[in-house]
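Engineer: The structure that follows is given in the form of structure tokens.
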Amino acid sequence: MKRRLTAVASIALATGVLVVPAAEADTGFTDVPDSHVFAEEIAWLGGTGISTGYDNGDDTWRFDPSAPVLREQMAAFLYRYADEDFVGDGEQVFRDVPSAHVFADEIAWLASTSITTGYAVAGGVEFRGSQPVLREQMAAFLYRYAGEPDDVQDCSFIDLPANHPFRTEICWLASTGITTGYREAGGRVSFRPSAPVLREQMAAFLYRLDEIDLGPLGWVAAEMVAGSGATSGDGRFIVFESYLRFTDDALDGRNIYLLDRQEGTLDLLNPGVNGVGPDHNFGTTPVISDDGGIVAWTSAASNLVVGDTNSRVDAFVWERSTRTVRIIGRGPGQAEPRSRAENVYLSGDGTTVLIRSQAERPSGNSFDETLSVDVTTGETFRLPIVPSAFYGVRPTAVSHDAGVVVLDGRHLWIRGSEGLSVVPGEHRCSFAVSSDATACSTGPAILDLTTGEVDDVATWDGAEAVTDLYVTDFSADGTRAAGSGRVADEAGIDGYVPLDIDLVARTVSIVATGMGGAPPDVDWSIQVDMSADGSTVVFSSAARNLLPMFLPRGSGYTLFVWDRP
């Protein structure tokens, strides 16, 4: 099952799908219309073969979504979900499950894993397969299937006393987002532990469980999880910053990590000279080239390379081919920069780095400047316009093919065969520029740089659900863009969400809201980056309710990765 939303949290990479407004699903069952609240989950259950439903006798099938799940059916569901080939030895495990029972192997497997121990009675143990599964029992089954995770966050269901025998299991289920409970009068939430599990609910529980990584890395509750990040052109590599020690060579401080999602590896890019770690934490978000071969960032650390003695924030580049770090933006004769690097931007092909910096005059006064650096040769030159006005969180951008157009909000810098030329004007390109340099983002709108026409994305289909909309990045082919906007519920709770923008169909879709479609639970802004092929969106958020996983409130920003289904 393709995971669509991932949180880069501690190296656990606890992953999961967010319950967002679901696309229409062909469920394959006559009693589950596409409009059913769990249509997507039930369609998934049928599509994976976990449930085939009931034959109507006319080559159609029904699911019976409101029917309770029996314990024997639960055994079959989990057995198929686990993709097991377990075959019992014919020995009767439970006195009420004969070897000829239709689910004998499935129930025997469930017992062999200790997911269930049955009911002790005089003369043996019973499974009671024809009884409905209660919600508290379902919590225990899934908790045991997940390996009985430690450090479960407590929960506050109004009908779950402190001495409930399955309190840990139910709280784990809630902390992962597999269940959100029932909202009662007054806004309080109940679990209803003794209520039977309905088949539609079981579909949702397994669907959400499937989107959680229950692998050996486990669950980790972290203080500062991760800061902002960026993705390579195909979504394979994710670069991000974090104060956590994800690798053995990481130390306390602002670490830069590179995640290879294909190989499942995580590398520390700034271990410092002799592996002592960065000696200063100040810096800005890392960026990455489309092929994942070049990563650039800024840092005040003076021990990332030998000979860094200027005590300033410098721009650094890491190269995959050599696996080395070096300073860029040095002056004539490779002298150390006399400027403080504020932001760094990288062209998609990895050949040009743009540095917005604050330079120091001999008099001691400072001024803003923008440097363009050739990554291969190290050649550095100042752009002839001093950036004096910036708009938005990404005020300067480099086009995909190495600086054909560079923007500071007011000027276009065009690099052609005859060198660098400047086109002044009130373009107000605030966030991003398209790869072919024909369009840029002005915030909520897209400016056609060839005609001067402005197209307000806030008027497109789907945009009515958000306010304060910004277009922040383009795919390489110019057919898609990423952005952010604010959503609110009836209670007035609001927060920023990432957006997937189709520039051809002229539609805006919300990538991720809170669990159950609620707004994010923290109103902190996010940064959004899209891969060159448009398949992956990376964004950071302080919200704790975007994924079915435990993230402690107040733990700072978390980096999320969304893959197009």
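Just so it is clear, glycine is given a Cβ too, placed from its N, Cα and C backbone atoms.
Pulled these features from TrEMBL for this protein:
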type   : residues : note
DOMAIN : 25-92    : domain 'SLH'
DOMAIN : 94-152   : domain 'SLH'
DOMAIN : 153-220  : domain 'SLH'
SIGNAL : 1-25     : signal peptide
Engineer: When DSSP states are grouped into helix, strand and coil, how many residues of the domain 'SLH' (94-152) land in each?
Structural biologist: 20 helix, 8 strand, 31 coil
Engineer: Across the domain 'SLH' (25-92), what are the DSSP residue counts per state (helix, strand, coil)?
Structural biologist: 20 helix, 6 strand, 42 coil
Engineer: Just to confirm my parser: what is the rounded mean pLDDT across the domain 'SLH' (153-220)?
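Structural biologist: The answer is 81, the mean pLDDT of the model over that range.
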